Amino acid sequence: MLRTSLRLYKPRVELLVTSIRAFHRTPLNLGVTPLDMPAMSPTMEEGGIVSWKVKEGDKFDAGDVLLEVETDKANIAVEAQDDGVMAKILKQEGEKEIKVGTPIAFLAEVGDNLAELEFPEVEEKKQEPKKEAAKTPEPAQPSQPVEPAQGKKTSTSPVSSGNADPNQVFLPSVELLLELNGISRDEALSKIAATGPKGRILRGDVKAYLGQIDSSNNSKIAAYLDSKSHLDLSNIELRPAASPEKAPAKIETPKKEPVKITHQYILPDNIAKEEILNLVLKAEQKAYGKPLYAPSDLIDPLFEEIIAPPRNAERFKINTSFQTSAAEPEDDFDFEPYQETQQPKILDVELVCTDLVDAKARAEMFVDILGEYISRAELKN
């Protein structure tokens, strides 16, 4: 993740995301130029050296990576903007907690004799660049920060300081407001009352310090947020368990009755019962195998065969029963009771259809085919 760099210009303020920093060398009278620990972000105070990409005595061109700097967010490569020579390395690889502005190396011009160069004594800088940075934005004063400066004097006196976190990283909006009004980091931490979480200074705190808004508003808002930050569970009561008697009764869905088709056939004389049963079996086989639709250009037999249920799947069940008539007496004086003959006269057929899509259609086809077979048997006799 890359850090956000804040730069101030006269006409406006822009936020620029940078991943690589470049250095200009400011020549000194000593013949060498110190390379200071760079500030990779406005809030960076110290960093570490991951690795040097050039060694002492190596030449480099503009755009070459000199070293890789470690910050609290990411590792960033540092490029050279001018040609030069790495004269001397002061801070070695792996060193950390190097303050921003501390010399870490000396650079020389191309062609210089490194043996004849004079290297000055290095003194580590303390946290003073912030004060200089606070004095530099003088061009912003003529615009309109004069009015906030008056408010600052009126509200400076007895502010309850000490509640601001000294290790916090300012928000970009807070740091911008501090830079525009010439307030250093030390002054902000010691004099501005922080109402944010864990001692964080918010933008409203800076405005209240400058006198732009009433400081009591920030205190009210902070008190309200603090009161709502704790969840009160003291009034929560458990719902009583539902009694097993009130369990919802199961809803029974009515079963779908199967489709039944009945038909009655008048049988011809002199036809045996076994022959009729054979006709029933023959009609059933033909009803299962005969196409349901007449040949047409709009119907593809192969497609119908694919989407239709298998031929051997049961479409309907056949229930048959026969009705027989009693034998007539031979003469008028025969008073013996009538005796039933074995000759069937009526055939009752009941077809119980299954859930297949073509079950009813094939059952109706069976009725017609069986009627044709019985008619043919009557003509033969």
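Backbone N, Cα and C atoms are what each Cβ position is placed from, and that goes for glycine too.
Feature annotations, courtesy of TrEMBL:
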DOMAIN    32-108  domain 'Lipoyl-binding'
REGION    118-166  region 'Disordered'
COMPBIAS  122-135  compositional bias 'Basic and acidic residues'
COMPBIAS  152-166  compositional bias 'Polar residues'
DOMAIN    169-210  domain 'Peripheral subunit-binding (PSBD)'
Task = Please list, for the domain 'Peripheral subunit-binding (PSBD)' (169-210), how many residues fall into helix, strand and coil according to DSSP.
result = 27 helix, 0 strand, 15 coil
Note = What DSSP reports for the domain 'Lipoyl-binding' (32-108) is 0 helix, 39 strand, 38 coil
Request  = Would you mind giving the whole-number mean pLDDT across the domain 'Lipoyl-binding' (32-108)?
outcome  = 88
